Amino acid sequence: MKELREKIQKEGTVLGENVLKVDGFLTHQIDAKLMSQIGQRFAELYKDRGITKIVTIEASGIAPAVFAGLAMDVPVIFARKQKSLTMNQELLTASVYSFTKQVTNDISISTKFLTKNDHVLVIDDFLANGQAALGLIELCQQAGATVEGIGIVIEKSFQNGRQLIVDKGYRVDSLARIASLENNEVHFIIEEED
Ligand code: 5GP
């Protein structure tokens, strides 16, 4: 997605060899107009897949997921990283190792929000080593729901997340794909239809 790549070039900063900071429009302050375009793009990509729910993980997956939910007119569920006292119902849970925080979180969704009749689009802000997306897929599997695909805002293609997910037979759609962050510069993979 050209607008997204331009925004990353203009406002993203590279930390070390493999982390991209985009807190000016995605992970802290949110560019709602860009998120709306991102939501519409996911809706277009999945219009023929009978999506009934969007599943993401707090916190930074929520903005793109909500705009996709608005564009597709379906509910959005975000997995929680910490159990809340009000979450006293039955839970679907999975363990996820966080790439940026370097801790393992048990993530959870209440069983009442996902059923075997659901067709899910999983959305997240970043795809690195795939642990967050695989955890969300696992929660959907526990509910017996069908995962129609994984929608990612920014994929770091030099890490192995995409491969792990594709190897499990899932579709992955990333709106920006980064080939490398070498020399503090963002190098994109640009696909034809982009
Ligand atoms: P994975 O689970 O695929 O290894 O990493 C994805 C998760 O880690 C995302 O939910 C995102 O929050 C975080 N993440 C991974 N790489 C980056 C990065 O380069 N920048 C930021 N801001 N977050 C990242």
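The backbone N, Cα and C atoms fix where each Cβ goes, glycine too.
TrEMBL labels come from automatic prediction, so no person has curated them.
Residues or ranges marked as xanthine binding site by TrEMBL: Leu20, Thr27, Lys156. Thr27 (xanthine binding site) carries neither a helix nor a strand DSSP state and counts as coil.
TrEMBL lists Ala128, Asn129, Gly130, Gln131, Ala132 with the feature 5-phospho-alpha-D-ribose 1-diphosphate binding site. Cβ environment of Ala128 (5-phospho-alpha-D-ribose 1-diphosphate binding site): Asn18, Phe99, Lys156, Gln159, Gly161 lie under 8 Å away, each six or more residues apart in the same chain. The DSSP secondary structure for Ala128 (5-phospho-alpha-D-ribose 1-diphosphate binding site) is coil.
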| field | Residue with minimal Cβ packing [other Cβ atoms within 10 Å] among the binding-site residues Thr27, Asn129, Gln131 | value | Asn129
| What other residues of this chain sit with their CB within 8 A of the center of the CB atoms of Leu20, Thr27, Lys156, the recorded xanthine site? | Gly12, Val19, Lys21, Val22, Asp125, Phe126, Ala128, Ile154, Ile178
| Which residues of the same chain, at least 6 positions away in sequence, have a Cβ lying under 8 Å from the Cβ of Ala132 (5-phospho-alpha-D-ribose 1-diphosphate binding site)? | Ile57, Gly61, Val96, Ser98, Phe99, Asp124
| remark: Largest C-alpha distance in Å for the xanthine site residues Leu20, Thr27, Lys156, as a whole number, is 16
